[in-house]
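Enquirer: Sharing a structure below in structure tokens format, with a few things to ask.
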């Protein structure tokens, strides 16, 4: 079968070259159309339920809606973990869906739960909304600034938003600081009382000032007319002089209220480099090409600049620039690695073989690119780094096949027959070698959670490229080999080099086998002991830290301040950063008051929150590769912004010193800042390095939080220590006393009387020339506690009034700003970040374990989350993946050798090769990480490849001389395949920068592990074989 396939490829050269040209065209189109981003998208498999009820406290919302919804979700078998966040006026419930369940069915079940509780919710509360959580892909943030009223800024921002909405592949477009037109009526209740008017009557009349509903239609023959009112008076003077009839009295609106047309209170206030502006946050869809979309947005803003010359339109936090620069770096790494691989083959094998093998690499990449687009993958850091990791492996099959074809040509066989026979002969071994590598990486698809979503593209990309390489090695390569390979008559450098190395190799291997019963246990024992020594000194962290182009400075101010007060406080912090940070390092500082973004890029909204985006320039090239290689091999190299001399971590340390004094500043109401965090965003797999949740009796939990924070504060390297048990706005609980009950007051009547004056509710709507205008009522003196307590209420059924304080008992109740729940139980959580140079999460947990034991004895539950939870889960799943990978590899080897012993000899090199991994990390000065563990799983397949090449040739040896001779024949292919793989990885091992540092540990694992495994396969495997099969000396 395979022989017919190869003959077809060789005998139809024109057809196959047309096929190759067509493949090239397809790959070009695939590159143009494939989405480009930094990291791959992933499915969240999570249902979110959001609800709003203005004026309701967090505790009331929990009792009113959240608790009941949680109970319903718990009864759904497809739901895993339920997390709830409740704050004053709103709540959000997130329910993780167990793997293998249909999210749409789960969503439908969640909607049924909401429908069932609707009758128990207040009639004026909107029904909670359930939807499938979607991942956000930030693209750009646009700053719109001018010396104009805010309404004009918003008008231009709305126009831009409207134009952007017409762009394909854009998703969320949000205006920070957006506000709607409102008609605010500030009722002077003192005047209302002086005029002897019923407040209920006043509210009733004011609610009828405008209407947006149609009157109807008149369809007289020959003339049909629609009828409506003017939908509210637009002229402010006319509005103030509107005549009202209340309780038999006639008066003007201005007699009892102040009237204003104004913008609604914004939920956020945005600054750009200290100047108030309007910001537009733009996100793209999963399919969107960030680079192309960013160019289109900039073209649109250029048109607006011509249209509105007095306005400034700036783009910042442009992720397309990050993507372009990072993709440039990885692409240049691939080209550089390709060059190294070709040069090594040119130097150590025949030049024609080198060319035949090198042609196969771009062909494999073309197939891989087309397959990636068809399968729906994007071009991102991980797909390209997967290609870089696979680069050296791609030539392994080609080297073995090409060398075997060349051997037959040298023996005098006609090129066509040599190409067929040489290819067919190597097919079983090459197929097995490819599948062992594929089997090593495929089980990584079983990794779960965010990490699984994040990393799954790696094994997929490596598998696609390896299978592409396998196809190329037995379809295009034989055709190229037939046309290009010629026998050489003179002894070249490579032949002399290998003859010398054959002698050295035999001279070392021979005494090892002669004294095999001493050398084998000595070798294995020393390897195992050295491995134990290095392992005991190793430290582990989830991901390596890497340099970024953005730093987060976020936190909280006093919850009792309004948004404008908080803006003044945060502006002082913003000014310190702008005045003290180097312009060579920092391009801009953007502040959003009312927003806080965590390390997972999830936004949280509240008046007392703030978030400063410290936007950095690109770093100056530092290593050899970035200085002298990357500029010439990158497809779109642009060094205009590469002026930053300090890393993000160094700048973050400087910011930490600048903000430290602010943590202690106070005014007459207490500390100005309740929390300030300085964060260098990383991979975003966990919300925080340290995340410890505690449940139980509230007072005990509060004490536990303080004890843990105090303990963390004493540990070097622990930073940004905070918790989520923040005090909220106190609540007045009104209980109608005996006197109030005797007068006929009820809770319902009390709420109905007070709401219009203290809730800032919407009581009517009108239209202006631009659209809908909401009419809101409130008391002009509502924000005075004394005024509240003396608020006059009409006695039911009588025309006399009584003060609120006389009919109710008022209890002041403290509350939390937010209530956090997991599976229906309230929890409080401590968060902290780590400086991994000093300490890891595992070491922190070890120091805290005695405290946790004490907590559990006192009835406080402890849930370890964050990086440590991910570490434990990852280690378990990686071990499972490794076991499955080794089993699959074992099955493939048994199929090839039809033996148990020979596969076991091959597999025995895997645990011994771990020494190379540990030494590599020690030499490079980095901790073991999750990518390191993934690399170890992949190493299983790579190591076995060389081992099976050796075993396949020595398996029939009967004597020492025969064994040495057969092992010598495998020296060149084993060294070449290992050399090309290591060279392909070399740029990632030694010159990784930016986000590429995430996969540097994997490259170190594969590179150093393979170097050591090569030595094992050349010496340990023949030695073990000689012992087990009792080779005669």
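Glycine is no exception: its Cβ is also placed from the backbone N, Cα and C atoms.
The following feature annotations were taken from TrEMBL:
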- 14-34: transmembrane segment (TRANSMEM)
- 330-349: transmembrane segment (TRANSMEM)
- 355-375: transmembrane segment (TRANSMEM)
- 382-406: transmembrane segment (TRANSMEM)
- 426-445: transmembrane segment (TRANSMEM)
- 457-477: transmembrane segment (TRANSMEM)
- 517-535: transmembrane segment (TRANSMEM)
- 878-897: transmembrane segment (TRANSMEM)
- 903-921: transmembrane segment (TRANSMEM)
- 933-954: transmembrane segment (TRANSMEM)
- 974-992: transmembrane segment (TRANSMEM)
- 1004-1028: transmembrane segment (TRANSMEM)
Enquirer: At least three Cβ pairs under 8 Å linking the transmembrane segment (14-34) and the transmembrane segment (903-921), pairs spaced 6 or more in sequence?
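Expert: In this chain the transmembrane segment (14-34) does not contact the transmembrane segment (903-921) - fewer than 3 Cβ pairs sit under 8 Å.
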Enquirer: Out of 382-406, 903-921, 974-992, 1004-1028, which stretch touches the transmembrane segment (330-349) the most, going by CB pairs under 8 Å?
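Expert: Ranked by Cβ pairs under 8 Å, first place goes to 974-992.
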Enquirer: Quick test of the contact rule: Cβ under 8 Å, at least six residues beyond the ends. What residues does that give for the transmembrane segment (903-921)?
Expert: 524, 527-528, 530-531, 534-535, 538, 886, 889-890, 893-894, 897, 927-928, 932, 935-936, 939-940, 943-944, 947-948, 951, 1001, 1004-1005, 1007-1013, 1016-1017, 1020-1021, 1024-1025, 1028
Enquirer: Considering pairs 6 or more residues apart, do the transmembrane segment (1004-1028) and the transmembrane segment (355-375) have at least three CB pairs under 8 Å?
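Expert: Counting Cβ pairs under 8 Å, fewer than 3, so no.
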Enquirer: Do the transmembrane segment (457-477) and the transmembrane segment (878-897) come close, with at least three CB pairs under 8 A (pairs 6 or more apart in sequence)?
Expert: no
Enquirer: What residues elsewhere in the chain lie close to the transmembrane segment (382-406), defined as a C-beta under 8 angstroms and at least 6 residues from its ends?
Expert: 39-40, 327, 330-331, 333-334, 337-338, 341, 345, 349-350, 352-353, 356-358, 360-361, 364-365, 368, 372, 418-419, 422-423, 425-426, 429-430, 433-434, 437, 454-455, 457-462, 465-466, 468-470, 472-474, 477-478, 481, 485, 938, 942, 945, 949, 972-973, 976-977, 980-985, 987-988, 996, 998-999, 1002-1003, 1006
Enquirer: I'm a bit unsure how to read this: which one of 355-375, 517-535, 878-897, 933-954 has the highest number of Cβ pairs shorter than 8 Å with the transmembrane segment (426-445)?
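Expert: The stretch I would name here is 933-954.
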Enquirer: For the transmembrane segment (517-535), what are the same-chain contacts with Cβ under 8 Å, counting residues 6+ beyond its ends?
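Expert: Result: 511, 912, 914-915, 918-919, 922, 1019-1020, 1023-1024, 1027.
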